[in-house]
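> Here TrEMBL flags His68 as active site, proton acceptor. The annotation Ca(2+) 1 binding site is assigned in TrEMBL to Asp69, Val72, Gly74, Asp76, Ser78, Glu91. Residues or ranges marked as substrate binding site by TrEMBL: Pro167. Here TrEMBL flags His197 as heme b binding site. The Ca(2+) 2 binding site annotation in TrEMBL covers Asp246, Thr249, Asp269. Feature annotation from TrEMBL assigns disulfide bond to Cys37-Cys117, Cys70-Cys75, Cys123-Cys337, Cys204-Cys230. Residues or ranges marked as domain 'Plant heme peroxidase family profile' in TrEMBL: 27-341. Feature annotation from TrEMBL assigns signal peptide to 1-25. Residues annotated as site 'Transition state stabilizer' in TrEMBL: Arg64.
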Amino acid sequence: MRISVAILCALVAVQVALLAAPAEANELTVGYYAKKCKGVENIIKWHVIKALKQNRRTGAALVRLLFHDCFVRGCDASVLLDASYENPRPEKGAPVNIGLAAFDLLEEIKAAVEKRCPGVVSCSDILIYAARDAGSILSNGHVHFDVPAGRLDGFVSNADEAQKELPDSTFTVQQLIDNFAAKNFTIEELVILSGAHSIGAGHCSSFTGRLTAPPEQITPAYRDLLNYKCHQGPDPDVVNNIRDEDYATVARFMPGFVSRVRKISDFMDNTYYHNSLAKIVTFNSDWQLLTHTEARSKVHEYADNATLWDVDFGDSMVKLSKLPMPAGSKGEIRTKCSSINHRLY
Ligand code: HEM
């Protein structure tokens, strides 16, 4: 009996030791795992390349996941947690998180990394590395940045908090500006990061207002195209960028755009800004940027300068990736990204 109590105490002590305070943003370092888990960045990249060869949309999902993780409680992989008995409504279940994907890929990567270095690499770091690699692949290497690492995975994940912290596509430009300012992001950075909508897709329920918006807000032919697409099933998803649309649909609704349709989809670049100025963007939040003087001038600037956007987007992604967990939070290295480690207390 005495021995089992002693063992239990020892296990609790080990468990407590494994709970740590997360590194401050300025303590994150590039090459953090160079000695702790040699080659981890290559393992992650290998899996991302493999996944994107099968489906480039997975890359869009990873880029969005970084944003949705980091804007809620900082970058702590809280968005990756599944519902559980103790926590039936994690972030994943928030309406604003509709369409999030790539969870299986991240779990696959985590398993491979655990095999190489058990208990060393956090899911939050894996997510940032994977999003970085996805951005690089989807932009043909034009968007690239170094990832400072050393994050821990959090214990808290709450759907209401995600709903409150993340911007909604129905927001006005002022609501978008306020939402980003709350995380210390400028109007310019709001415009830069919105450029991620050159890739991926959205559900029709995410842009219902656009289906009846007036011509000052959306090009009527594009509105007709979206209406047609949205009548193809119950809440289907529609690509964000007209050039990723199928040729027949573009030929039918916007014949002047057929030359833009690409065989390879989801190419990340500054076309979002061209689409914005042509009023052929899906979300109300995209269009809203044109209604604000400073934001609109930034849209023009990035439409005119593709290279500038590549660089500034990389910098803004790094800034996003440094959003810290709330002060006083504890973290751990999860064994699986979808659940917190089993606790002994
Ligand atoms: C400015 C405020 C933003 C709003 C209101 C917004 C809203 C949305 C919505 C409604 C969707 C479609 C969800 C669905 O219906 O499935 C979406 C997709 C997407 N968003 Fe945003 N977003 C914003 C900013 C960002 C940022 C900052 C990033 C990344 C840096 C981002 C990256 C993406 C990507 C890549 C997709 C496509 C995802 C996929 O195809 O799986 N968004 N966004």
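Cβ coordinates come from backbone N, Cα and C, glycine included.
From a predicted model like this one, the values you see are computed outputs, not experimental measurements.
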> For ligand 1, pick out the recorded positions Arg64, Asp76, Pro167, Cys204, Thr249, Cys337 that have a CB under 6 angstroms away from one of its atoms.
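Checked recorded positions vs ligand 1; flagged Arg64, Pro167.
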> Considering every residue in the domain 'Plant heme peroxidase family profile' (27-341), what is the mean pLDDT value?
97
> I want to check the contact list for Arg64 (site 'Transition state stabilizer'): same chain, sequence separation of six or more, C-beta distance under 8 angstroms. What comes out?
Leu100, Ala196, Gly200
> Based on Cα coordinates, which of the following recorded positions are within 10 Å of Cys337 (disulfide bond): His68, Cys75, Ser78, His197, Asp269?
Ser78
> Name them in sequence order: residues not among Asp69, Val72, Gly74, Asp76, Ser78, Glu91 whose Cβ is within 8 Å of the mean position of the Cβ atoms defining the Ca(2+) 1 site.
His68, Cys70, Phe71, Arg73, Cys75, Ala77, Val79, Gly154, Ser157, Ala162, Met325
> Between Asp246 (Ca(2+) 2 binding site) and His197 (heme b binding site), how far is it from one CA atom to the other, in Å?
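Cα-Cα distance, Asp246 (Ca(2+) 2 binding site) to His197 (heme b binding site): 18 Å.
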> Work through the recorded positions one by one (His68, His197) and point out the residue whose CB has the fewest other CB atoms within 10 angstroms.
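Among the recorded positions His68, His197, the sparsest Cβ neighbourhood within 10 Å belongs to His68.
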> Can you check which residue among the binding-site residues Gly74, Pro167 has the largest number of Cβ atoms within 10 Å of its own?
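In terms of Cβ crowding, the pick is Gly74.
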> Counting only residues 6+ away in sequence within the same chain, which have a CB under 8 Å from the CB of Val72 (Ca(2+) 1 binding site)?
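Long-range Cβ contacts: Ser78, Val79, Glu91, Glu161, Ala162, Glu165, Leu166.
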> Work out how many Å separate Cys204 (disulfide bond) and His68 (active site, proton acceptor) at their Cα atoms, rounded off.
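Between the Cα atoms of Cys204 (disulfide bond) and His68 (active site, proton acceptor), the distance comes to 20 Å.
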> Please work out which residue of Cys37, Cys230, Cys337 has the most C-beta neighbours within 10 angstroms of its C-beta, and give that one of the disulfide-bonded residues.
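The most densely surrounded of these disulfide-bonded residues is Cys337.
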> On a count of neighbouring CB atoms within 10 A, which of the binding-site residues Asp69, Asp246 is highest?
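When each Cβ's neighbours within 10 Å are tallied, Asp69 leads.
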> Same-chain residues six or more away whose CB lies under 8 A from the CB of Cys123 (disulfide bond)?
Ala77, Leu80, Leu106, Lys110, Asp153, Arg334, Cys337
